[in-house]
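Per TrEMBL, these features apply:
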- A:6-26: transmembrane segment (TRANSMEM)
- A:73-92: transmembrane segment (TRANSMEM)
- A:104-124: transmembrane segment (TRANSMEM)
- A:145-165: transmembrane segment (TRANSMEM)
- A:177-196: transmembrane segment (TRANSMEM)
- A:226-247: transmembrane segment (TRANSMEM)
- A:267-283: transmembrane segment (TRANSMEM)
- A:303-324: transmembrane segment (TRANSMEM)
Amino acid sequence: MYIAVPAEILGIILPLLLGVAFLVLAERKVMAFVQRRKGPDVVGSFGLLQPLADGLKLILKEPISPSSANFSLFRMAPVATFMLSLVAWAVVPFDYGMVLSDSNIGLLYLFAISSLGVYGIITAGRSSNSKYAFLGALRSAAQMVSYEVSIGLILITVLICVGPRNSSEIVMAQKQIWSGIPLFPVLVMFLISCLAETNRAPFDLPEAEAELVAGYNVEYSSMGSALFFLGEYANMILMSGPCTSLSPGGWPPILDLPIFKKIPGSIWFSIKVILFLFLYIWVRAAFPRYRYDQLMGLGRKVFLPLSLARVVPVSGVLVTFQWLP
Amino acid sequence: MMAQEHAHSSAVERLLNCAVPLRAQYIRVLFREITRISNHSLALTTHAMDVRASTPFLWAFEEREKLLEFYERVSGARMHANFIRPGGVAQDLSLGLCRDIDSSTQQFASRIDELEEMSTGNRIWKQRLVDIGTVTAQQAKDWGFSGVMLRGRVCWDSRRAAPYDVHDQSDPDVPVGTRGDRYDRYCIRIEEMRQSVRIIVQCLNQMPSGMIKADDRKLCPPSRC
């Protein structure tokens, strides 16, 4: 047991880190193909060694910090952000029983970790002791918190339909039909709220270069900004993970055919996560950015009432027809 | 670019009371409209890029590459062409250029459609552009606007109101906005690109043969052979 758990942890974290590195490359390539050009393809064949080159460059750069920055907090903020996005993977099910921690409060844990992520950003902005960083951090924090409420309500909607179970059982409960199909508007709202939660386009004003000079991570160089960057992409994959578990059904294959059962469940999970990540990148390539007041207006005036308006009828219908699990 | 050269040359010719041959006028209008398309695609898509819709920018610049190739074929330079000169144009069109311009315009309308698909109906785009940067008709007239900024509210097109060269031969529709905000100006520019394609096709069809410079040797130097 003392060997199995660290081995499991490494088995999650190492592929995740590789995934994050190649997600960065994938984003650049996918966006490039949308824009009728090729992405990086010089470094390796098809640019596959590009993440290695980028990582090496960032590690070897000189770390510069503002002289008036609060030293220990300044260093700890990116570490905290990256750590939180890795830690939340403890409750994501890859296959039946293949979860690091199969607890009943799995979703609540995920929600708590994403709320803690806001601390990393506020710490980064405040400890940089710089105007733009502070503004960016405040904006980003406010945005994340607003959309987290909507995520929470949507999770409640799905949980009501599925029943209080642990992470693997939530996926198993979708055996007959994926919960994304009857709850399709909920899936759409969840996707958009995840985009806003992870500060991704079109909700990425807090880290816009043109408008806010890269926001809360403007004062970071080399490893600090690398960790923020990796943390953002790890967050993206993290948000796609539960998205896949809750809605299109997680690890079981698309149709219940024996040939599909030969492929292990974790491969199906990865395929679905990759589809969601492709959607994230596609949205970034296609849409312009929201202005900050429009962004917050959308979160507070549209998504919050809409998510509330989903919880009430769904629970009403379930109670009326005695369909509560 | 050629629009500025055209304006300067027209001013000089009007001061000198010099007549420009017909073929030169058609070539000028042709390249004036090519310039208009090129400028509008730059304006719209860099505007989109500033709003962080990065894709139309790259699509439009691919189209612009084709137009810059036409500039280069006719004058030798991609952007600062030095082609339209007082008295006419610098050199005649090369062989096959008209055919290539024609085949380029045939696919251009689809490209404008693609650009419109990305932006015009997009609710995020509209939220960033509608009722932003409104210019009233009175403000536009007071400040001496004369192009798309004026056409946001006022129906005035210099090509119709004070026609120069052969613009009175072609018959474009003039798009006019109603609110004078950024969204109206965006729609006007898109529509003007389509009308420019129409004018280009008309010019290519109607282009006569003849001299490309005025005969006045004090104004235009003789052509190099």
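Keep in mind that glycine also has a Cβ here, set from the backbone N, Cα and C atoms.
The transmembrane segment (A:6-26) shares more Cβ pairs under 8 Å with A:226-247 than with any other stretch in the list A:73-92, A:104-124, A:145-165, A:226-247, A:267-283.
Touching of the transmembrane segment (A:303-324) and the transmembrane segment (A:226-247) is ruled out by the presence of fewer than three CB pairs under 8 A, sequence neighbours closer than 6 excluded. Nonlocal intrachain contacts for the transmembrane segment (A:73-92), taken as residues 6+ away from its ends with a CB within less than 8 angstroms of a stretch CB, comprise 12-13, 16, 65-66, 99-101, 103, 106-107, 109-110, 113-114, 116-117, 119-121, 123-124, 126-128, 167, 217, 219-220, 223-225, 227-228, 230-231, 234-235, 238, 241-242, 245.
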